[in-house]
Amino acid sequence: MDAQTEPEVPPAPVSEEPFLGPLDIILLTVLIGGAAWYFLKNKKKDTQASQFKSYSIQPTTVNTMTMAENSFIKKLKSSGRRLVVFYGSQTGTAEEFAGRLAKEGLRYQMKGMVADPEECDMEELLSLKDIDKSLAVFCLATYGEGDPTDNCMEFYDWIQNNDVDFSGLNYAVFGLGNKTYEHYNKVGIYVDKRLEELGANRVFELGLGDDDANIEDDFITWKDKFWPAVCDHFGIESSGEDVLMRQYRLLEQPETPAERLYTGEVARLHSLQTQRPPFDAKNPFLAPIKVNRELHKAGDRSCMHIEFDIEGSKMRYEAGDHLAMYPVNDQDLVLRLGKLCNADLDTIFSLINTDTDSSKKHPFPCPTTYRTALTHYLEITALPRTHILKELAEYCSDEKDKEFLRFMCSTNPEGKAKYQEWVQDSCRNIVHVLEDLPSCRPPVDHICELLPRLQPRYYSISSSSKLYPTTVHVTAVLVKYQTKTGRVNNGVATTFLSMKHPLNGEPLPRVPIFIRKSQFRLPAKTETPVIMVGPGTGLAPFRGFIQERDFHKKDGKDIGQTILYFGCRKRAEDYIYEEELEDYAQSGTIKLRTAFSRDQPQKVYVTHLLEEDMDLLWDVIGEKKGHFYICGDAKNMATDVRNILLKVLQSKGNMSESEAVQYIKKMEAQKRYSADVWS
């Protein structure tokens, strides 16, 4: 019957019987007895169980602790801070800038902390407004083809795909990019705009740093206007002069046993001795070098073909990926720096963060020796930024040297110009600075605190795993040049690699590596035509692409047009992989177009060949919807090639300039136009 139509039942008459009858008492006794038996039985079980370690509870405890540790809001509240500076960093520069901003906050009553978005619950940003006069600053680098850095990817995706309410959040953004790349500072620009769209309050205008020019100058110029804007916004005043403070305290540990000492590991102690997968940036694989041969036939430059053995590592790669390698610094430079700092390089020490709330307890793995730190952990060939020079000035016994360093750190145009000329244009690293300022003798532990971390170097993989599943090939030009001061500077990684030669009867030399996945990929369908433009070592990823196409061709698959534009100076000197390329052309795997710029009075580059082949270009990218790839120099070549493509689309595809631009953007979105470039 339907409940709504069910007739109402009248209440039963109330009887005057006693509260509990004999049957009730019997039932109650049975229930109490059963409950008592159950309780005693379980208590006995608990007593037995308590004799053993309860592993089921532990992970919960650990997770809770981790969550608390990763809560930047809790850290801000517990330590009375109002400023949090997040960084998106691939090479360490954005992290360094974030640290400088957080440190300077003390001058402006804005005690700050640095935070890695990857290690934080970024949804906590919604609660930052609950802290009075709080501010979030983002120092964000743009990587690759307009991508966020690895540690910022999750945060970037989150704000991209969620309409969260950031009203009440105060923020500012400083972007780090390079104008030679097409997507200049895309990440910083997007985050700045997106936070405003989501209701956050921009405290100061977006800053854009250009690494192709002088990113240090860009950062200083921005932050010198940023702080007054912050003071004005929150109604606070500067506490006066910048106080130079050490971020880490020195602890010498001579009693540390050898087995507790870091000797070059990236993260886990003994990770290079006891190797276990998965291998990545924090746990590199110590790969044997099976082949290291010279590719140039003559001339005064060197280009190496190196093959790394990855058998047993469980690492996988695809043509177009990158191999990352951890190099070590030149021992001569290490010894010179140690001598300039009057250091015993075998002293065992740790640098311990004075900020107990920081997740970064040490600047690099500790305890270690100064020799190890300067060899494996610090960028001693990096050009020192102004904040380093400012701290070095305090160690000058000659007033002239002190004033000179302070002058280069100043914000006036003359000081900036002097820094550009004396440090950047002259390529002076920390060793050169100390050699040229004999009265400046800083302690080695402070040098270890000031210098940035030694970063892995990335190389386009020049092989296909279809042919070489257990080896990874790279193609690298040896970097060596003379500076304005007459010194010879050597590239850290390529100099290191140039000394790693397999010798008969000796164990193979080993190098710490890992694979970084890329979006630089051949089309899924083998019949899709492709054009590849790769002068010099820009050929590297295309060697892998060609190997793959040839593999499929031999396997009986239909292969679309595969056109390679390669250029170098002289056919007889630096035509790398000549025999291979000519064989592929002979067999019909590729159509090969070569330009040797100095083999005739009039220089010829790949761009000249592309302009000659405008009909071919339109046929592939316009008519056949093929893929177009560029690898190599971002500053000139990549820009010139893109402009030629625009010209092709306008003249052969009858497009307006804006339509041509949109066409290339659409190609990029469809992964039909890809660039793997560097400056």
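Keep in mind that glycine also has a Cβ here, set from the backbone N, Cα and C atoms.
Look at TrEMBL and you will find 89-94, 141-144, 176-185, ASP211 tagged as FMN binding site. Positions annotated as NADP(+) binding site by TrEMBL: ARG301, THR537, SER597, ARG598, LYS603, VAL604, TYR605, VAL606, THR607, ASP640. Sequence annotations record features per position, and here TrEMBL assigns FAD binding site to ARG457, TYR458, TYR459, SER460, THR475, ALA476, VAL477, TYR481, GLY491, VAL492, ALA493, THR494, TRP678. Taken from TrEMBL, the feature domain 'Flavodoxin-like' applies to 83-227. Taken from TrEMBL, the feature domain 'FAD-binding FR-type' covers 282-523.
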Listed binding-site residues among ARG457, TYR459, GLY491, ALA493, SER597, TRP678 whose Cα sits within 10 Å of GLY144 (FMN binding site):
TRP678
If you measure LYS603 (NADP(+) binding site) to VAL477 (FAD binding site) at Cα, how many Å is it?
22
Give me the Cα-Cα distance between SER89 (FMN binding site) and TYR605 (NADP(+) binding site), rounded to a whole Å.
35
For each of the binding-site residues (ALA141, ALA493), count the other CB atoms lying within 10 A of its CB, then report the residue with the highest count.
ALA141
Give the mean pLDDT for the domain 'Flavodoxin-like' (83-227) on the 0 to 100 scale.
94
Relative to the Cβ position of THR475 (FAD binding site), how many further Cβ atoms are located within 10 Å?
23
If you draw a 10 Å sphere around the Cβ of GLY491 (FAD binding site), how many other Cβ atoms fall inside it, taking every protein chain shown into account?
18
Determine the most Cβ-crowded residue among the binding-site residues TYR184, TYR459, using a 10 Å radius around each Cβ and all protein chains in the structure.
TYR459
What subset of the binding-site residues ARG301, VAL477, TYR605, TRP678 lies within 10 angstroms of TYR181 (FMN binding site), using C-alpha positions?
TRP678
Cβ atoms within 10 Å, counted per site: which of TYR181, TYR605, TRP678 has the most, among these binding-site residues?
TYR181
Give me the CA-CA distance between GLY491 (FAD binding site) and ARG301 (NADP(+) binding site), in Å, as a whole number.
13
Please report the number of other Cβ atoms within 10 Å of the Cβ of ARG457 (FAD binding site).
20
Given the binding-site residues ALA141, ASN178, TYR184, THR475, which one's Cα is the least distant from that of ARG301 (NADP(+) binding site)?
THR475
Nearest of the binding-site residues (GLY92, ASN178, SER597, THR607) to TRP678 (FAD binding site), judged by Cα-Cα distance:
ASN178
Could you count the residues of the domain 'Flavodoxin-like' (83-227) that DSSP puts in helix, in strand and in coil?
65 helix, 35 strand, 45 coil
CB neighbours of ASN178 (FMN binding site) within 10 A?
21
Going by C-alpha positions, which of the binding-site residues (GLY92, ALA141, TYR605, THR607) is nearest ARG457 (FAD binding site)?
GLY92
